[in-house]
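The domain 'MnmG N-terminal' annotation in TrEMBL covers A:6-152. Taken from TrEMBL, the feature FAD binding site covers A:A15, A:E34, A:C45, A:A46, A:G48, A:R98, A:A122, A:D278, A:G290, A:I291. TrEMBL lists A:175-259 with the feature domain 'Digeranylgeranylglycerophospholipid reductase catalytic'.
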Amino acid sequence: MSESYDVVVVGAGPAGSIAARAAAREGARVLLIEKRQTIGDPVRCAEGIAKEAVHRHIDPDPRWIAAEVEGFRIVSPDGTPLEMRGVSSGEVGYVLERKLFDRALASDAVQHGVDVRVKTRAVGLLRSDGAVRGVVMEHLGERHEVEAGVVIGADGIESKVGRWAGIDTRLALKDIDVCAQMLVHDPSIDQSICQFYLGNEVAPGGYAWIFPKGNECANVGLGMLGSRSNGGLPMQRLRRFVSERLPKANILEVMVGGVPVSEPMHGIVADGLMLVGDAAHQSSALTGGGIANAMDAGAIAGRVAAAAIADEDTSRERLSEYEREWFELKGKSLKRDWVVKERLVKLTDEQLNGFMHSLQGVEFREMHVHEILVHLLKRNPKLLWWLKDLL
Amino acid sequence: MVVDVNRYVCGYCGACVSVCPVDALELVETWLEVHECCTECGACVRVCPVGALEVRA
Ligand SMILES: Cc1cc2nc3c(=O)[nH]c(=O)nc-3n(C[C@H](O)[C@H](O)[C@H](O)COP(=O)(O)OP(=O)(O)OC[C@H]3O[C@@H](n4cnc5c(N)ncnc54)[C@H](O)[C@@H]3O)c2cc1C
Ligand code: SF4
Ligand code: SF4
């Protein structure tokens, strides 16, 4: 017996749940599958996100907001802090409880008519005449096939859906940040602010973070470039960071993960197929933030998929409308974040210290990469050659 | 199978899967599978945040 849906979404993270809901809202019959038995768990995220980014997609709910922060602090390799408080937030605002947030997004999709199946893993695609026509899935050891007008691959960093359709989603070692994180309890942690620690000693090509989660707890984590890491290094560095800076902390949870930090990826659609979220490398290469982008891309992809179904044209050309809209919305900032990151990772600790010192005393109006770059240039006119193409 | 997974250490994050050039790895919930096509390139070993992987000598 073969089943059929208009749209099958693979992966119930933020990208998948929002894409499924968007398609269902436009009248499509949608199936959302998730290989894990519990949506949202284990978490692979520091859970920080701008408030507006959440509000664009779902009404805030205290059950999945762990903390609200009023600013952030960047600490240079020599310990000089740069603090921005009470300004409008481009990058942070909420620290989520993603176990509950991801589940809330999925149940919202269900309320819009989406069918969800957990512990159901995509293991291949159905194809005919080169086009994707459905998904082969496995549930409790049994395989079955589901036909679909459009398949949306929202299967995260470990994405296979794109590869099956001939889209190369592999990450080079220099294009992945490898991370370790602990949820710690320590009353000494400043709960009002998200903190970032830079430096090649702390995290080569990346940074360490402390994001408050309320109840005297925080996500303390660290990510470094894959090309500068080695088996086990992120966890070793994180243990050192925690024992040096938070020696009294109790560790309540441990998790690991990878974030794509590649150049923005083009060619994320094929006949009958779209990729969204980490599967399409849509996270910011500079901050590693990917929740907001995953949701924004999911909303576009779901809507375009439903419209394409209604038009009975699910060709690559038709589905490319999603990719065009996505790049209109985020292409410029994604590219800029990637270029800034490529330059930052080449800096020595002395250069980083110099840049951070030059920003002391600046009154920031907005917590935004662009704003930081503008002030960097004002204080370091000699950097014009380094920055001019980014502003 | 030429990559060994230490299942007592693996945190099932999928980072290794994303860098494997030949698609030899698959994360089945908390269980990392290694397929025969592995070429021993070592990319997965390097990115594993906890050091759960080893190319068998
Ligand atoms: C340590 C760390 C810290 C981070 N911190 C932040 C942060 O503070 N702020 C921020 O915005 N972003 C952060 N990110 C990035 C963010 O977590 C991701 O960008 C975001 O989760 C991407 O959403 P997604 O829906 O694309 O993928 P995911 O959330 O990874 O969801 C993909 C889903 O697909 C499922 N799946 C995979 N394969 C299959 C299959 N074959 N069949 C069925 N289901 C499948 C997976 O089980 C998973 O549930 C961080 C990432 C890491 C690793
Ligand atoms: S060693 Fe290379 S080919 Fe083998 S599983 Fe690891 S990444 Fe894949
Ligand atoms: S990178 Fe390491 S921890 Fe993550 S799934 Fe692979 S083996 Fe497990």
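Each residue, glycine too, has its Cβ placed from N, Cα and C.
Any TrEMBL annotation is an automated prediction that lacks curation.
The structure, with features from TrEMBL marked on it.
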residue	record	CB count, 10 Å
A:A15	FAD binding site	34
A:C45	FAD binding site	27
A:G48	FAD binding site	24
A:A122	FAD binding site	23
A:G290	FAD binding site	25
Task: DSSP three-state assignment for A:G48 (FAD binding site) - done: strand
Open item on the list: Pairwise over A:A15, A:E34, A:C45, A:A46, A:G48, A:R98, A:A122, A:D278, A:G290, A:I291, annotated as binding FAD, what's the top Cα to Cα distance to the nearest Å?
Closed with: 29
TODO: For A:A122 (FAD binding site), just give me the three-state DSSP call.
DONE: strand
TODO: Can you tell me which of A:A15, A:C45, A:G48, A:A122, A:G290, our binding-site residues, come within under 6 Å of ligand 2 at the Cβ?
DONE: none
Task: For A:A15 (FAD binding site): DSSP state (helix, strand, coil) - done: helix
